[in-house]
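Trainee: From TrEMBL, for reference:
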- 7-163: domain 'Aspartate/ornithine carbamoyltransferase carbamoyl-P binding' (DOMAIN)
- Ser50, Leu51, Arg52, Thr53, Trp78, Arg113, His150, Pro151, Leu152, Gln153, Cys275, Leu276, Arg301: carbamoyl phosphate binding site (BINDING)
- Glu145, His179, Lys239, Arg279: N(2)-succinyl-L-ornithine binding site (BINDING)
- 187-305: domain 'Aspartate/ornithine carbamoyltransferase Asp/Orn-binding' (DOMAIN)
Amino acid sequence: MAKLPKFTNVKDVTNLQTWIDEALYLKRNPLVFRKLGSGKCLGLVFFNPSLRTRMSTQRAAQLLGMETMVMNVGSDGWNLEFVDGAVMNGNTQEHIKDAIQVMSQYCDVLAVRAFAELKDRQADYQDKILNAFVEYATVPVVSLESAIGHPLQAFADLITIKEHQTKERPKVVLTWAPHPRALPQAVANSFVEWMQESEVDLVVTHPEGYELAPEVIKGTKVEYDQHKAFEGADFIYAKNWSSYTEYGQVLSQDESWQVTAEKMALTDNGKFMHCLPIRRNVIASDEVIDNSLVIKEAENRLFSAGIVLKKILENI
Ligand SMILES: NCCC[C@H](NC(=O)CCC(=O)O)C(=O)O
Ligand SMILES: NC(=O)OP(=O)(O)O
């Protein structure tokens, strides 16, 4: 059987520049492909909360003529079992492989959100829920943020950078910022991976102990001095993540890492970015957020999702 198309990682993009150009075309002509998805249904499966991903991906599908169904498995479904061969005489009521095969019969594309649990690094980095969908679904699978990546977000961020860059090769800084809770590395991982495929100079800055996975960071420059990293930057992308090395731990809540107007003044008229939702006056100050690209990034989620769904519809 031929391999199904999927979108779980930057490696699923055939030509990044073409995809960006097509997304910008879709933004100017949002209804131009409205016959493509006629009679097709996108199923969105959520293990975790969402505002942007839920609404923008549904709208993107509707603009392509698709119908959509949302299943909040995390709150409304049966308790799912993930272990193969489990004797299910406890709290789990349905095996993930049965649920996925069933949902595949109702939908032409399945999209899934399943965050990291932040307890066991090996388990999270195997991305078991997303990979169970890839393994058992009989239709194409799209990641709506998995344990280790958020490719639809990174694609929207890249589109936003392309729209706002004034230099051929902008300096893009990913900065860690403080947060009261332990958050996954998924958004940071995908941002790094997508920037590595783009014509930008990427610098990552974070306190010691917040190093991202070696297979993600590769040769990307890490600057532990946040002020130094900000110098001359064109884009500042803030995100909190919990420690990868001391897995899932909050090692620092150092407020001095908050992005402030004073810090933004070190950049070359740099633009602030964040995937949202953002904790105001924790990650960044109100002033920084109110003069940023965050709302435009969220708008571009319509077109990153639109192009991903268009590519899949063209290949099924
Ligand atoms: N989809 C965008 C980010 C989702 C998630 N953020 C959060 O859970 C924030 C929750 C809070 O602010 O408590 C993350 O970091 O991966
Ligand atoms: N940025 C993002 O994915 O937002 P939601 O978690 O609200 O979907």
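Each residue, glycine too, has its Cβ placed from N, Cα and C.
What's the neighbourhood like for these features in this structure?
Mentor: Cβ neighbours of Cys275 (carbamoyl phosphate binding site) (same chain, under 8 Å, six or more residues apart in sequence): His150, Gln153, Asp157, Val187, Lys239, Glu297.
Under DSSP, Lys239 (N(2)-succinyl-L-ornithine binding site) is assigned to a strand (E or B) in the three-state scheme. The number of other CB atoms found within 10 A of the CB of Lys239 (N(2)-succinyl-L-ornithine binding site), across every protein chain shown, is 23.
For the domain 'Aspartate/ornithine carbamoyltransferase Asp/Orn-binding' (187-305), residue counts in helix, strand and coil come to 43 helix, 18 strand, 58 coil, using DSSP.
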Trainee: With an 8 Å cut-off on Cβ-Cβ distance and a minimum sequence separation of at least 6, pull the same-chain contacts of Arg52 (carbamoyl phosphate binding site), or say none.
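Mentor: Non-local contacts for Arg52 (carbamoyl phosphate binding site): Leu276, Ala298, Arg301.
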Trainee: Using CB under 6 Å from any atom of ligand 2, narrow the binding-site residues Ser50, Arg52, His179 to the ones that qualify.
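Mentor: With ligand 2 as the reference and 6 Å as the Cβ limit, the list reads Ser50, Arg52.
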Trainee: Can you give me the same-chain residues 6 or more apart in sequence from Leu152 (carbamoyl phosphate binding site) with a CB-CB distance under 8 Å?
Mentor: Phe7, Thr53, Thr57, Val142, Ser143, Leu144, Glu145, Arg301, Ser304, Ala305, Val308
Trainee: According to DSSP, which of helix, strand or coil covers Trp78 (carbamoyl phosphate binding site)?
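Mentor: Coil, per DSSP.
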Trainee: List the binding-site residues Arg52, Arg279, Arg301 whose Cβ sits under 6 Å from any atom of ligand 1, in sequence order.
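Mentor: By the Cβ criterion, which requires under 6 Å to ligand 1, the hits are Arg279.
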Trainee: Could you tell me the mean pLDDT the prediction assigns to the domain 'Aspartate/ornithine carbamoyltransferase carbamoyl-P binding' (7-163)?
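Mentor: Computed over the domain 'Aspartate/ornithine carbamoyltransferase carbamoyl-P binding' (7-163), the mean pLDDT is 98 on the 0 to 100 scale.
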Trainee: Just going by other Cβ atoms within 10 Å, which of the binding-site residues Glu145, His150, His179, Arg279, Arg301 has the emptiest spot?
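Mentor: Comparing Cβ neighbour counts within 10 Å for the binding-site residues Glu145, His150, His179, Arg279, Arg301 gives Arg279.
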